[in-house]
C-alpha cells in the first residue's frame, strides 16, 4: 500500500512538472527563436554589404549556421516538445490511429532537426575557431558564403536521409508506448543516434573548439583590441556559452540512455522513479533549443542592440505609417 502511494506521487509530480515547465518552455522558446531568426537573418547578410571591399564578410558564416539552428529549434519546439507535453504531461496514449503523428513523424522530426541544430552550432563554433586562429592557413580554411549555404543544405539532406529508418521502425507497443521493434536497429539507435550523435560527439567537439576559440581571441584582443575583433570575440563568447548550455543539457539525457542499455529493472516502484528522472532529463534536453535566445541576449551586447533595433525600427515604421495615413485622411477632408 505504501509503495503504491509512493509511486502514484512520483508519477503525479512527473506529470505536473512536464505540463508546467513544458508550456512555459513552449511560449518562451517560440518567442526567443523567432527573434533569433530575425537577428541572424540580418547579421548573415549585413557584414558583406558594410565591408564590401574586405574579406571580413566571411565572418557571417557563423550567423548563417545560427540562423539554420534557430529555424530547426522552432520546429523542435512547435512539434516534438508539444507532443511530449501531451504524452508525458496529459498522459495521451499512442494508438494505431495516431501512431504516424505522435510516434513515427515525431521522432523523425525530433532527431532530424535536433541533429541539424547541434551540427550547425558545431560548425559555427568551428568556423569561429578557424577565423580566430593566428595561422593564415587555418583562417583560409573558413568557407566562403556560398559554400557555407551548400554545407547547410548538405547537413539537412544528410541528416534527413539518416533519420528515415525512424519512420519505418518506430511503432506503438501494447502498452501505448513508442518503441523500436527490430532489436538490431534499436542497438544502433541507442549507441549511435542517442548516445553518440546527440550526446558524446557534440559535447567533445564543442568543449575542444569552444574553449580553443575563446583562448585564441583572448590572446588576439590583448595585442589588437579593435572594434571588429571585439565583435568577433562577442560572437565567440556567445557560442561558448551556448556550447556550455548544450553540454549541461545533454549529460542527463546521455545518462538516461546509458542506464537503459546497462540496466533493466521491471520493478514498478523503481520505474516510477525513473519516469520522474526521464521527465526531468527531457525538460533539460529541451532547454537547449528553448534558451538559446536568452543565452545570446544576456551574454552579448551586440545581440541586445540588434534586438532593440528590431523593435525600434518596427515602432518607427508604425509611426511613419500612421503619419502617412493621417495625412491622406486630412487631404481627403
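Residue numbering: from 1, along the chain as shown.
Each Cβ is built from the backbone N, Cα and C atoms, and glycine gets one as well.
If you look up TrEMBL, you'll see 32-296 marked as domain 'G-protein coupled receptors family 1 profile'.
Here TrEMBL flags 17-43 (among others) as transmembrane segment.
Per TrEMBL, the feature transmembrane segment maps to 64-87 (among others). Sequence-distant neighbours of the transmembrane segment (64-87) (same chain, 6+ residues past either end, Cβ-Cβ under 8 Å): 18-19, 22-23, 25-26, 29-30, 33-34, 36-37, 40-41, 44, 94, 101-102, 106-107, 109-110, 113-114, 116-117, 120-121, 123-124, 127, 145, 148-149, 152, 155-156, 282, 286, 288-290, 292.
Here TrEMBL flags 107-129 (among others) as transmembrane segment.
Using a Cβ-Cβ cut-off under 8 Å and counting only residues 6 or more beyond its ends in the same chain, the transmembrane segment (150-168) has close neighbours at 64-65, 68, 104-105, 107-108, 111-112, 115-116, 119-120, 123, 143, 180, 185, 189. Taken from TrEMBL, the feature transmembrane segment applies to 150-168 (among others).
Away from its own ends, the transmembrane segment (188-214) comes close to residues 111, 114-115, 118, 121-122, 125-126, 128-129, 132, 166, 169, 180, 236-237, 239-240, 243-244, 246-247, 250-251, 253-254, 257-258, 260-261 of its chain (Cβ-Cβ under 8 Å, at least six residues beyond either end). Among the features that TrEMBL reports, transmembrane segment is placed at 188-214 (among others).
The feature transmembrane segment is assigned by TrEMBL to 235-255 (among others).
According to TrEMBL, the transmembrane segment annotation covers 275-298 (among others). Tertiary proximity for the transmembrane segment (275-298) is limited to same-chain residues at least six positions away from its ends with a CB under 8 Å from its CB atoms, namely 10-11, 13-15, 17-18, 21-22, 25, 28-29, 31-33, 35-36, 39, 69-70, 72-73, 76-77, 81, 84, 88, 114, 117, 238, 241-242, 245-246, 248-250, 252-253, 255-256, 304, 307.
Looking only at the domain 'G-protein coupled receptors family 1 profile' (32-296), the predicted model's pLDDT averages out at 80.
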